[in-house]
Amino acid sequence: MSGSVAVTRAIAVPGLLLLLIIATALSLLIGAKSLPASVVLEAFSGTCQSADCTIVLDARLPRTLAGLLAGGALGLAGALMQTLTRNPLADPGLLGVNAGASFAIVLGAALFGYSSAQEQLAMAFAGALVASLIVAFTGSQGGGQLSPVRLTLAGVALAAVLEGLTSGIALLNPDVYDQLRFWQAGSLDIRNLHTLKVVLIPVLIAGATALLLSRALNSLSLGSDTATALGSRVARTQLIGLLAITVLCGSATAIVGPIAFIGLMMPHMARWLVGADHRWSLPVTLLATPALLLFADIIGRVIVPGELRVSVVSAFIGAPVLIFLVRRKTRGGA
């Protein structure tokens, strides 16, 4: 390990943790109406009854927590996908998991009138799981291992089909379209803490699982044959990773809708900062992705008081950064 990488690693984690704290604080302070820090602190004291305190507790706190949960989930899911598929352009939408969750939620609303948070979460998990199983079955090869190329192709094909069906159902059913149009655009506008409580435990378990897979992912990134020679159980690692992706993507999609680009970009930035070792890149991704998502949400609230969707802002932020990272990597000969 070079000295520059060691120094970067020593700075990256505490620096990103501080950045995440700043993003969280600004998310509570800044919006269509900026509030002083004293009002935010008073709101958390439990004694404030003013309208400003209501804004903090009922509007900004839920969306801030949603950004933290969804950002962490999407970042880890993207990092897992890029390693499992050995495809640097993989993201949470590539394997069709987000599309499966979205399709299930829209289908449940159209056929059964599901509208509560619990019902939508259940449909999201079911859709994500079914999509993952279909892709895993289609992308499997001899010995029960997953072929990265077949896995990627199966995911792209399934995502295209499900996204088309989702749009068709929503457009043909005006009630469903009105109910889910903001969610389909990708937004942190969450007003119910109960929804976040329901997905908190699954996200924490899946996130911890992803972090515990760090060593196995390091071996797998060298190739299946090399990983097997090093004593890694490739099929088990791929299966556990796929299940973690299912839970992370299903939870994030159920909370904030389909948000692209975040899971694609941030793992690249993490590897650029601290190297390809998953023991470092996964924690850095876990800290950096929620921070970026919160900053994107803040920018959307400031630019357009009527709420420019975070998915739009994240795409504008993410595209130039990713292009820079790709060009830098190309010049370095990697």
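Including glycine, each Cβ sits where the backbone N, Cα and C put it.
Look at the topological domains in Swiss-Prot: Asp225 and Arg327 end up on opposite sides of the membrane. Counting only same-chain residues 6+ beyond the ends of the topological domain 'Cytoplasmic' (263-279), those with a CB under 8 A from a CB of the stretch are 1, 5, 8-9, 12, 74-75, 77-79, 81-83, 88-93, 213-215, 217-218, 221, 285, 288-289, 292, 318, 321-322, 325-326, 328-329. With a threshold of 8 Å between CB atoms, the same-chain residues lying at least 6 positions outside the transmembrane segment (193-213) that come near it are 61-62, 65-66, 69, 72-73, 76, 79-80, 117-118, 121, 125, 237, 240-241, 243-244, 247-248, 251, 254-255, 278, 282-283, 286.
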